[in-house]
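What Swiss-Prot lists as active site, proton acceptor is ASP176. Taken from Swiss-Prot, the feature ATP binding site applies to LEU59, GLY60, LYS61, GLY62, LYS63, PHE64, GLY65, ASN66, VAL67, LYS82, supported by sequence analysis. Residues or ranges marked as compositional bias 'Basic and acidic residues' by Swiss-Prot: 1-10. The domain 'Protein kinase' annotation in Swiss-Prot covers 53-303. What Swiss-Prot lists as region 'Disordered' is 1-38.
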Amino acid sequence: MQNKENREPRVQQTPSAGVGPLRVEMNPDTHAVSGPGRVPVKSNSKVLSIDDFDIGRPLGKGKFGNVYLARERKLKVVIALKVLFKSQMVKEGVEHQLRREIEIQSHLRHPNILRFYNYFHDDTRVFLILEYAPRGEMYKELQRYGRFDDQRTATYMEEVSDALQYCHEKKVIHRDIKPENLLLGYRGELKIADFGWSVHAPSLRRRTMCGTLDYLPPEMIEGHSHDEKVDLWSIGVLCYECLVGNPPFETASHAETYKRITKVDLQFPKLVSEGARDLISKLLRHSPSMRLPLRSVMEHPWVKANSRRVLPPVCSSEPH
């Protein structure tokens, strides 16, 4: 949620309320989770608190709190500190999203997934310690440039496909891939963030509607059960938006957008190359089983010809 802003005309679907009080699982003696991915607690197991961080400039503002650039004072680790207000989350009934985000993201290790290190809380707030992505939101970059060229878009497609394949192998569906939830690292590499809508699959093949209207697949609009193939549809929409500058089914009316999605009313401007059209058309299929698999996305001729992905050095990214 770095550099988060409300985006029009997109509409975020309201999650179901009534999930009970906020239950962030904490060790009462430490206020910090243990396990993989954490910013290590001091050797004396001192409770983490806001006093352990130097707080810098705000990186973004969201409905439930803000994100700040911060540095852990002892370890000198630069991170993004996401500050969420408990009362606001309880009021909106989204505590389950926080628990889900912590549960899922803390176990994910991939160069194109934003790292979740740790969390702690006080009486009124929950603090999430996240990897800092210095180049911010992809959406801001898209606003700045209008659209991306084939090389940049193909690079993003390879990165997001590799990250999602990793998620799907771990039975995690993201369900909310969109430029606002994709951050950019030091080298401009894509980082999937905001796992609040994610679910473990296949045990939770839900019919609930979530995500952003322009990115919703037909099966979710039509109320059918869905699986990891919703993410295939989303990256097809993402590819189109990166190349064109707006989503493929966007209209001024929600009802008309729904209709265009369910009919897969896909129209390409002349600026979209044949290779990109082929890839997008193979992802934006009404039938989930007909959508191009992630491995085939990474091996698609247009992606192979245009992607400039650079893998990071193979070394531990754990702070010491």
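Note: Cβ is positioned from N, Cα and C throughout, glycine not excepted.
LYS61 (ATP binding site) falls within a strand segment according to DSSP. Its own atom aside, the Cβ of VAL67 (ATP binding site) has 22 Cβ atoms within 10 angstroms in the protein chains shown. The residue listed as 'active site, proton acceptor' sits 17 Å from LYS63 (ATP binding site), counting Cα to Cα. Other C-beta atoms found within 10 angstroms of the C-beta of LYS61 (ATP binding site) number 13, with every protein chain shown included. Spatially close to LYS63 (ATP binding site) yet at least six residues away along the chain are GLN88, GLU92, judged by Cβ distances under 8 angstroms.
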